[in-house]
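Since the structure comes first, as structure tokens, the remarks are kept for the end.
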Amino acid sequence: MMMDIGLVVFGGLSWAMATFLVAAGLTLIFGILHILNFAHGGFFMVGAYLAWAMIEALGGGVSIWTYIAVALVSGAVVGALGVLVDVTIFRRLRDVEDAYALIATYALLMVCIGAIELIWGLDFRAIMPPEALNSALFIGDLIAPTFTIFIIVCGVVVYVALEVFMARTETGKLVRIVAHDAWMARLLGLDVTRIYLITVVISFALAGLAGGLLVANQGLSPELGGVFLLQAFGVVIVGGMGSIRGAFLAALLLGQIESIGGMLFPNYPGIFYLVALAGLLLIRPQGLLTKGRTEWV
Amino acid sequence: MNRDLAKTMALAGLGGAAFLCVPLVANSGVVFLAGLVAINIVFALSWNLLFAGAGLLSFGHSMFLAAGAYTMAKFSLSAPEVPFLLTLVLAALSGGVLAWVFGFVALRRASGTYFAILTLAFSALVHIVITKTDALGRADGLVGIRRPEIGVGSLRLSLDGDMYYVFIVLSMTLAALALWCFTHSPTGRLLQAIKQDRLRTSFLGANVRRWQLLAFCVSGVFAALAGAVMAPWSQIVSPEIAHWSMSTMPILYALLGGTSRFWGPALGAILFGMLDYGTRNMLGLADMTSGILLLVVVLAVPGGILGLLLRVGRTREEAKG
């Protein structure tokens, strides 16, 4: 029984941090631009495919540091794509109705999926985790794959880094000002457009990074983005749109629920999370950590 | 009968007649596609009834399509003795029931973006349940759905091949007309008022949530009807029909054609059917072109093609006068 509890908690943590990696960028854009970005799932996949292609080009089995470096490069490339997307699309969406903005990002997701199908095809792709992460730790009776531990550590690192960035750096503080009141920030002479651009680039870079970090152990197919996107949406909404801390906590909570559900009903993976999401939304539609309007932290 | 209705019936009749001419000039592949387009028109109109008619954005319309299609398929395979038209009604109602259950819960608290995401999550749930349920064929779906027969007593008409195509066109024309009547009924106008100013309409004494729930159910019924008619046409129902990419389709058609006009989504569905036919052999290109097209429409021509055409027409008339 102890082992079961350990297994459930560990499984939930792994789900939580993988989802948080995707959700972090999503909640960032929502908090500042007030756009719920469907395309995030698409660019997450672009990051994953890029990482896959780079690792294949390097001959397959890579060391853990190369693996991280590849993920960072994916993040940088997708971040650069973010500049393009912000200038050509997001900037035009500011005066558009919410529903149309939502549909526009949906369209962008379709473009991403189409591009991936054109370049890489529909086949499943898979790569092994780096050698150093391809084993397991034995904690008591619990068997913990090192790659899963790696993902959990990555999730925590990204969370802490984002919190520090937002709370301590000047850019982070500017981003928070714009999130709080963009109109006032503009009156005070801040370059709001530039801060929006920075936000989009960081968010896209996080999507690419998440893709690169999670690429191993995943069957890589154009479907993948949708799966992660839906989970990330849930986390972002439950956490309170725009709150990074909320998303982190929501990921932990939903991860445990999903993990418990997966153990009780192994034939229906993914259902518990959706039921929990619907339930939480009905109890607290504004999210766990927000009071009414979407607010930063 | 008022003039608007007469005009609409004439227009729908012309459209239906044009569809009926397709088998005379095209091969069976094109006829199959035309049948799907006719079905998609009603699917898109049902979505737009919510979006343009009641201000509710649904990202989960595939669940109603799937409800109708699976109900039809299940009856046709397990209980073929039930008359086809009765099955059709039951299948359409299944969408209404699903819409009521979901809408009853979701409309209570959520609105705007939250509502849109809830529809998405709920349809994802429906998709998973279908792929995991033995009675619904799991991931393989239900195959071998026969084309139906209709008739009373010994007078029977087998709707095979092109005859079923005729049935599709006729039933979908009637469904589109019914949707038009609903949109232009007092209820439709009330929903329009709710969309434009929710608070003011509630001050006027309207129970906003109940009317929105009604709109949701009507939309669900017609989407399920489209699914029910689709099942015998493609003769296979797979979980793909409940997938969220299916929910994109009506959005795409409606925005492409123009949401603010009743027939906009119909035009969008037809144009998109042609586009799909043109890019059918190119993997990935279909997704890419529809994505780019949708982006361009949202960013550059928010009124859709029909809105654009009408605007151009008006400008030209003004230039003349």
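Glycine residues also receive a Cβ, built from the backbone N, Cα and C atoms like all the rest.
In TrEMBL, annotation is done automatically, which means it is predicted and not curated.
Here is what TrEMBL says about this protein:
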type	residues	note
TRANSMEM	B:12-43	transmembrane segment
TRANSMEM	B:49-72	transmembrane segment
TRANSMEM	B:84-107	transmembrane segment
TRANSMEM	B:113-130	transmembrane segment
TRANSMEM	B:163-182	transmembrane segment
TRANSMEM	B:251-272	transmembrane segment
TRANSMEM	B:292-310	transmembrane segment
* To do: For the transmembrane segment (B:163-182), name the stretch out of B:12-43, B:84-107, B:113-130, B:251-272, B:292-310 with the most CB-CB pairs under 8 Å.
  => B:12-43
* Same chain, outside the transmembrane segment (B:12-43) by at least 6, Cβ under 8 Å from its Cβ: which residues? -> 61, 65, 162, 164-166, 168-170, 172-173, 175-177, 179-180, 222-223, 225-227, 229-230, 233-234, 249-250, 253, 265-266, 269-270, 272-273, 276-277
* To do: Count the Cβ pairs between the transmembrane segment (B:113-130) and the transmembrane segment (B:49-72) that lie under 8 angstroms and are 6 or more residues apart in sequence, then report whether there are at least 3.
  => yes
* To do: With a Cβ cut-off under 8 Å, give me the same-chain residues at least six positions beyond the ends of the transmembrane segment (B:292-310) that come close to it.
  => 251-252, 254-261, 263-264, 267-268, 271, 275
* Asked: Hey, which bits of the same chain come close to the transmembrane segment (B:251-272), Cβ under 8 Å, at least six residues off its ends?
  -> 11, 15, 37, 40-41, 43-45, 47-48, 51-52, 59, 176, 180, 183, 290, 293-294, 297-298, 303-308, 310
* Asked: Going along the chain, which residues at least six beyond the ends of the transmembrane segment (B:49-72) come within the CB cut-off of under 8 Å?
  -> 43, 87-88, 90-92, 94-95, 98-99, 102, 112, 115-117, 119-124, 126-127, 130, 136, 142, 145, 179, 182-183, 188, 191-192, 194-196, 198, 211-212, 215-216, 218-220, 222-232, 237, 239, 241-247, 250-251, 254, 259-260
